[in-house]
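Database features, via TrEMBL:
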- 342: active site, nucleophile (ACT_SITE)
- 249, 289: S-adenosyl-L-methionine binding site (BINDING)
- 136-389: domain 'SAM-dependent MTase RsmB/NOP-type' (DOMAIN)
């Protein structure tokens, strides 16, 4: 596919997404219908679509419209690519620009438009991030880095770098987080590479790695990962602290990959169903990595920020409080309860914690941190509570 044809395909996919179909499904369906598109073509189309979704509001302003064609036009104008070189009408390129499209005046953007956030989200974003709100929003308009956690039980940072290099995957050490690497080339080879296949590295964002390392967990502690999902935090806990980790999720099938991932990492993680939790001894540490808006990771799932509603956000907070209350029942007296989200919104973070503490005076907050999204990491919130009797 030519560069112009790739943008034309992105326009078609965007129109489907704007019609209500989730981005991943729209891209998958496009690929199935267009089997002539090679892996590089599919990656390029996906990249264009996600670039637009990250910057949808500003793209609409710069493209003077809200359909796929206008959004791609707005993207080109923002990235400095001459639209005439893409909208040529030749072959499979988009149709030439109209007179109206050619008569362009740079728009004046509102704060929410410049941040590429819904109007109703912007005040919440600003309240949560303060003077970092604008820089954090700008970081979410760009592609995320591919971060890796080195499994220190199996090797060192140097050995991981060497193993990656043997598969022609270039990686560099993260500037701030111990044991974290950024893959900077040939990232698509990671899943089949030796370092990943042998458990020496795992995909995990830098902010999540930094948070886990800060938690007050001791070697041999019994830890319950109450909302384990795919097991990323469970694996990190087992590797960093050599803790005894039990993974649980309200939807058991979400944990289907944990046994395979644990075996690859040579970690022992017990996976349990909800009905079995009551039969286990109480835990030293309980982690609640709760479902949330994902606002700290919206550059990875950019259509999520356009789909989120105010009602859904309120529902998230109610669920988060309920999860904390349920999880705390499995904690030893005097144990540590950790609450985390990949959100930067105060309504899901500090406010959720305040609601929990109001109803549970036997806990006190001993540590709290919001890791602000930057070019190097996603946004991540974590708070540590301790039982006081």
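Positions of Cβ are set from backbone N, Cα and C atoms, glycine also.
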What does the structure give for the C-alpha distance between residue 289 (S-adenosyl-L-methionine binding site) and residue 342 (active site, nucleophile)? Integer Å is fine.
8
Cα-Cα, whole number of Å: the residue listed as 'active site, nucleophile' versus residue 249 (S-adenosyl-L-methionine binding site)?
17
In terms of DSSP three-state secondary structure, what is the assignment for residue 249 (S-adenosyl-L-methionine binding site)?
coil
Counting other Cβ atoms within 10 Å of each residue's Cβ, which of the recorded positions 249, 289, 342 comes out lowest?
249
What is the average pLDDT across the domain 'SAM-dependent MTase RsmB/NOP-type' (136-389)?
96
